[in-house]
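Copied from Swiss-Prot, the annotated features are:
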type    : residues            : note
DOMAIN  : 8-223               : domain 'Radical SAM core'
BINDING : Cys22, Cys26, Cys29 : [4Fe-4S] cluster binding site
Amino acid sequence: MSQSKPTVNPPLWLLAELTYRCPLQCPYCSNPLDFARQDKELTTEQWIEVFRQARAMGSVQLGFSGGEPLTRKDLPELIRAARDLGFYTNLITSGIGLTESKLDAFSEAGLDHIQISFQASDEVLNAALAGNKKAFQQKLAMAKAVKARDYPMVLNFVLHRHNIDQLDKIIELCIELEADDVELATCQFYGWAFLNREGLLPTREQIARAEQVVADYRQKMAASGNLTNLLFVTPDYYEERPKGCMGGWGSIFLSVTPEGTALPCHSARQLPVAFPSVLEQSLESIWYDSFGFNRYRGYDWMPEPCRSCDEKEKDFGGCRCQAFMLTGSADNADPVCSKSPHHHKILEARREAACSDIKVSQLQFRNRTRSQLIYQTRDL
């Protein structure tokens, strides 16, 4: 029996992917492989109109992301406009291109929160992963400058098989920098990370050791009165049930790409679903009425075993993008789930990780030339 149309609440979190331009070449970047096709970017006025519409709908948090959002010269103006509208604003940055004068301008414009990402705890590995020899010292300097301006000190480390074994040193660096919050996020396999999965996915043993390191540090830090919050995000490739991706399709999160495509999650543009542009439809119409945003809302779309599963209200059938990447159909159950007929895809990935000997230098790095080669090859 068909269920009633699901209740749709406003999007609480808006992510503005301002640009795909970036000075780094991280091989786990979540940007689309064909980002080099996407040269157009919304203008300052167009972005502010997106913010205005989202705020009118009830959005409360706005993240500035990319690529590297610092490449936008109008970033202070965008921050000020968002602040004037009443958003809580968050800058998600590599720190490359950040200066003390820019920090002062952002503070004056009303920026609430800055998150700086690192690739590793040491300069050599950081340079190898970022493709930039000067990145590490710049990140250190800007992390200290952020702290000096009384922003919440939030550091992000993407963990994978090449840096997860230095987790103790990573945490020590965060303590040294007096971080308030540390996101230790094991690589999520979308975009460039999926392309490099065999060379990035940690082994089960590495994950287990990392969990123990985090647990030990939490205990040690609590005993010493250190209030730094360590958030450790494990890869769902070693779980038996999928994550409730984005809190459910089209439930709380709305992303807008550099050229204006509206998406229910960062990776959804790869799906064989037409997603509308903010240049052609209002944000309200896109959120409530568009086919793309309604495609996987509720439960009626679900095949078995999801449809009759007593956990469907918790995980929503898992990740649609992951189902598409691993099975060829976004309608299928997320293969992470042990009930999925495609769970063997996850088991194969685990076996690959256990045997992989791919070095950092052998990864496919995210850059414009590589992106052009990838989509030219796929167009043949």
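Numbering starts at 1 and runs along the chain as displayed.
Note that Cβ sites are derived from N, Cα and C of the backbone, with glycine treated the same way.
Where Swiss-Prot records a feature, it is marked here on the structure.
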| residue | record | CB count, 10 Å |
| --- | --- | --- |
| Cys22 | [4Fe-4S] cluster binding site | 23 |
| Cys26 | [4Fe-4S] cluster binding site | 23 |
| Cys29 | [4Fe-4S] cluster binding site | 24 |
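One way to see the shell of the [4Fe-4S] cluster site is to take the Cβ centroid of Cys22, Cys26, Cys29; the remaining same-chain residues with a Cβ within 8 Å of it are Leu24, Gln25, Tyr28, Asn31, Gly67, Ser94, Trp192, Arg366.
Within the model, the domain 'Radical SAM core' (8-223) shows a mean pLDDT value of 97, rounded to a whole number.
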